[in-house]
Amino acid sequence: MLTVKLPQYTIGENILMELGSIATKYGKRVLIVGGKQALAITKATIEKSLKEKGISMIDCLWYGGECSYKNIEIICEQIKANDVDLIIGVGGGKALDTAKASAAKMEIPVITVPTIASTCAATTSLSIIYTDQGDYETIYLYEETPPAHIFISIDILAEAPIKYLWAGIGDTISKYYEVDIASRGARLSHSEAMGKKLSVLCAEPLISYGAKALEDNQQAIVSFELQEVVLNIIITTGIVSMLVGENYVSACAHGLFYGLTILEEIEKYHLHGEVVAYGVLVLLMLDEQHKEVEGLMSFYRKVELPTSLKDMNIENNKEILDGVLDKAVSTEDHQKMPYEVSKDMFYQAIQKVEILNK
Ligand SMILES: [Zn+2]
């Protein structure tokens, strides 16, 4: 038996006061869990909108700074102690992941209210778990209980710092190319095939509207372009990930990202989506899609995503890259490639991308 559960979503401008009318379908005793900054901007309006619908806001908690088992447990204790029947998660990826994981554990619904558009965390039925110190630990999957509803008040995202949308664009573009390559030649199930078709929207609209969306974000303007880009980062990518499943959800652009994280420069000063965007160029070069690499590069130049090692302050040095590629080829993402990619092939692809920068 197969059941595919997908969340509903709402998007609009200045709609936070409508959250109560959505929440009332799912519960009457609400716990809000979010990031500090996100709660500071939204708490008063959310509380008012819940009150209007006769919903009690039991408490409003900071998620704890990391989506760790300890922080999830603290929230679960609150849910138990106060008979909470709905969680509203507010903020970025880690805050939403913490709220979703707590809701999944306690088997109650969760509404996500993303306040930045850097990932698809608001949509997916998984949480990336970190240690309390912030090191990656594992992925917690709960396919049976995806978020009930994603609530996007686009004005909040228009006012968010531009770096999140910028990195979100890079990470989202990878979804199309990685799914396309990882699933090549495979006999796909119905939902995998739906996900693959849908993944086209992770790239095309972002390349068409990305530059304008970033400009509008810079000026805090809500526009058609910003809205399309935000929806594809948050909604499309999340649904694609859930439909294509583990086998095809990533490939060696993400593998290269994890390899590059061994360098302090990357770990400290560069965002996930930014580095993954560069990885897509290398992936396409490996796959000998030269025209696609050049097309994507001209988009990257327009929006200042990295097209070379130098753009990320990495030296093009064989020894340094050797360590990076050791890690890259050992990742699960790398194993999803439909053909063998050796370290040397990877290295050569990086060099070919470098040459295109000259
Ligand atoms: Zn990613």
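Backbone N, Cα and C atoms are what each Cβ position is placed from, and that goes for glycine too.
Copied from TrEMBL, the annotated features are:
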- Gly93, Lys94, Ala95, Leu96, Asp97, Thr115, Ile116, Ala117, Ser118, Thr124, Leu126, Tyr130: NAD(+) binding site (BINDING)
- Asp171, His254, His272: glycerol binding site (BINDING)
- 8-143: domain 'Alcohol dehydrogenase iron-type/glycerol dehydrogenase GldA' (DOMAIN)
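Where TrEMBL records a feature, it is marked here on the structure.
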| residue | record | contacts (Cβ under 8 Å, 6+ apart) |
| --- | --- | --- |
| Gly93 | NAD(+) binding site | Ser118, Thr119, Ala121, Ile128 |
| Ala95 | NAD(+) binding site | Val33, Gly34, Gly35, Ala38, Tyr63, Cys67, Gly89 |
| Asp97 | NAD(+) binding site | Cys67, Ala121, Ser127, Ile128, Ile129 |
| Ile116 | NAD(+) binding site | Gly91, Gly92, Leu157, Ala160, Pro161, Tyr164, Leu165, Gly168 |
| Leu126 | NAD(+) binding site | Ile139, Tyr140, Leu141, Tyr142 |
| Asp171 | glycerol binding site | Ser118, Thr119, Ile233, Thr237, His272, Gly273, Val276, Ala277 |
| His254 | glycerol binding site | Ser174, Glu178, Val276, Gly279, Thr331, Asp333 |
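Among the binding-site residues Ala95, Asp97, Ile116, Ser118, Asp171, the ones whose Cβ sits under 6 Å from an atom of ligand 1 are, in sequence order, Asp171.
Cβ neighbours within 10 Å of Ser118 (NAD(+) binding site), excluding its own Cβ and spanning all shown chains: 25.
A mean pLDDT of 97 is what the model gives for the domain 'Alcohol dehydrogenase iron-type/glycerol dehydrogenase GldA' (8-143). For His272 (glycerol binding site), the number of other Cβ atoms no farther than 10 Å from its own Cβ, over all displayed protein chains, is 19. Secondary structure from DSSP puts Ile116 (NAD(+) binding site) in coil. Secondary structure at Leu126 (NAD(+) binding site), taken from DSSP and collapsed to helix, strand or coil, is strand.
Taking the centre of the Cβ atoms of Asp171, His254, His272 as the glycerol site, the nearby residues of that chain (Cβ within 8 Å, site residues left out) are Gly170, Ser174, Ala253, Phe257, Gly273, Val275, Val276, Gly279. According to DSSP, Asp171 (glycerol binding site) sits within a helical segment. DSSP labels the residues of the domain 'Alcohol dehydrogenase iron-type/glycerol dehydrogenase GldA' (8-143) in these numbers: 53 helix, 40 strand, 43 coil. The binding residues for glycerol are recorded as Asp171, His254, His272; their greatest pairwise CA distance is 9 Å.
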